[in-house]
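Annotated features, as they stand in TrEMBL:
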- 168-178: compositional bias 'Acidic residues' (COMPBIAS)
- 179-205: compositional bias 'Basic and acidic residues' (COMPBIAS)
- 272-288: compositional bias 'Basic and acidic residues' (COMPBIAS)
- 97-148: domain 'NOG C-terminal' (DOMAIN)
- 163-288: region 'Disordered' (REGION)
Amino acid sequence: MEMSTINGNGVMEIKDKACDELLAQRVEAKLQSKKASTTDDSILNRLFVAFPTPRDDKVRAPHVPQVVLEKRMKASRGQGDATKVGTNKIMRDEATRKLERELELELEDEYILDLKKNYMLKNEDEKYDVVPEIWEGHNLADFVDPEIEQKMAALLEEEELREKAGEYDSDLDSDDEETKERLKLAQQIREKEKLLTLESQENKKTAGRSGSRTNVRKRERSVSRLTDDLEDLGVEVDPKRMKNLQGQMAKAPLGKKVKVGRSRSLSANRPAPRDEIGIPDKKTRDKASKLRLKVLQGFKRDARKGEADRHIYDLKPKHLFSGKRKMGKTDRR
């Protein structure tokens, strides 16, 4: 045998040959062992090889259906004996249903998968009917007018005839006097709104910051001003309907009353500081102040929070240092 480790030719054949030789050698060695001898405990006494034996003289030939035999006869007609036709082939004829795969291969690009042709319905004409679309228990087809396109075309034609006849050529000049008055009033309202907007912006600029007392904007809301503005806009104001606003303006404001009077010329007398009351002499008071600053230096050095800070820090907490041995894993037991 030839082999090459570079190309890999013949390597597997050599391995298979070596394995077969090794297996045959092991089997032969096992048969020649003492356990495989012809004694009572040998392997041959524990093996049984069964051979089929006829149980009667009845002939049990393979069964071939009559339909298959007829297909074989039709396929082999004119070709000799029917027994020469291959039994491992599926013989198809005109009555055999074509599979979808066969139709796909036959039609190629023209093939379209049709799943509705095999529907089993009482009426065969209903196979390709459109499935109704149901929404909230209603069939949408019931709300569709089949003649909607014809009606739409008729409406468009009628509209085109009206445009050609000049029905929509009327200008605003042909409007009545009432419409003109409304348009004029609307223009005045828009101009008034623009003026109020500009006036409000100017007042915001001159009012100063929020809460300023130097330039306080005056209160300009009143019943008379509201009446004048409405009359400028052309709205008739009924004096009876303005009585509720006049009553609200006449009411006194809620809350505490503002006291009005002349300002005090002198402020209230305040008590003297406690350190001056305790040490009336100025010289003694200065000396006490120096001593106080000297004592505070120690507190600052210790980084204390103040005179009342008397906290004593524990540099070696007992729970961290008691019972801890230097070597090993033992703790305190």
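Positions of Cβ are set from backbone N, Cα and C atoms, glycine also.
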Treating G and I as helix alongside H, and B as strand alongside E, what does DSSP give for the compositional bias 'Basic and acidic residues' (272-288) in helix, strand and coil? 12 helix, 0 strand, 5 coil
DSSP residue counts for the compositional bias 'Basic and acidic residues' (179-205), split into helix, strand and coil: 27 helix, 0 strand, 0 coil
